């Protein structure tokens, strides 16, 4: 079986295949990219690139893209698994008020953590459009915290100040800035990771948990810090969760 894995987030749509225990990155268009939202353009990409698959397993937090993926499967007459709605779950493992409104990304990361890593207890941080901190204890998903993501916070700040828009901001080695660019870089990038670390400490004081996995598109900015802090950096976490349903 040749499977295409898709992670639909609020910012990008990540397409990957899997062979010999390795995920291969294909394309990652913006979620609002009108070209790839066209069903025939999307199908044509796979034809041109000779990407062969006979099943799709996906996680989606964007209903429009869920429909596009299902239509692609109908066009190709292949099966699909939407891990939230068409995969089997033990709902007792999710201590949330309403499972039906829990994001598919949380579900995929839960299975990657408990099945691929075999962690019964873990804090999972995903740094994407939002930065989410999820708590798993005794194989139970206890809940999550959702904060504005790194880029979301930056965009919100510079949208309120026209003079800040034409600069590049990045993670800094400085503790204090002597100009606006450095000051914002420290405040947005460095302070964001410090916020995450401090909340991890708070959770560890209140729950008997030692494992921490950090994933998501913006986590790559902190890969070195994550490893130095004895956390696990896993850019493929959500795909390892999807792989559980192959």
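Counting begins at 1 with the first residue displayed.
Note that Cβ sites are derived from N, Cα and C of the backbone, with glycine treated the same way.
Nobody curates TrEMBL annotations by hand; they come from automatic prediction.
Copied over from TrEMBL, here are the features:
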- 7, 8, 9, 10, 11, 12, 13, 14, 129: ATP binding site (BINDING)
- 91, 103, 104, 105, 106, 180: substrate binding site (BINDING)
- 105: active site, proton acceptor (ACT_SITE)
Local Cβ density at residue 103 (substrate binding site) - other Cβ atoms counted within 10 Å: 19
Pairwise Cα distance maximum in Å, substrate-binding residues per record: 91, 103, 104, 105, 106, 180: 48
8 Å Cβ shell about 7, 8, 9, 10, 11, 12, 13, 14, 129 centroid, ATP site members excluded: 31, 61, 62, 128, 217
Inter-residue Cα distance where the pair is residue 91 (substrate binding site) and residue 129 (ATP binding site), in Å: 26
Largest inter-residue Cα distance among 7, 8, 9, 10, 11, 12, 13, 14, 129 [record-listed ATP binders, Å]: 14
Three-state secondary structure, residue 91 (substrate binding site) (per DSSP): helix
Spatial neighbours of residue 106 (substrate binding site) that are distant in sequence (at least 6 apart) but have CB under 8 A: 132, 134, 141, 144
By Cα-Cα distance, the member of binding-site residues 7, 11, 13 nearest residue 180 (substrate binding site): 11
Coarse DSSP state, helix versus strand versus coil, of residue 9 (ATP binding site): coil
Inter-residue Cα distance where the pair is residue 105 (substrate binding site) and residue 11 (ATP binding site), in Å: 13
Least surrounded among the binding-site residues, given as 11, 129, 180, when other CB atoms within 10 Å are counted: 180
Neighbourhood of residue 13 (ATP binding site), C-beta criterion under 8 angstroms, separation at least six: 6, 7, 28, 29, 30, 31, 33, 36, 65
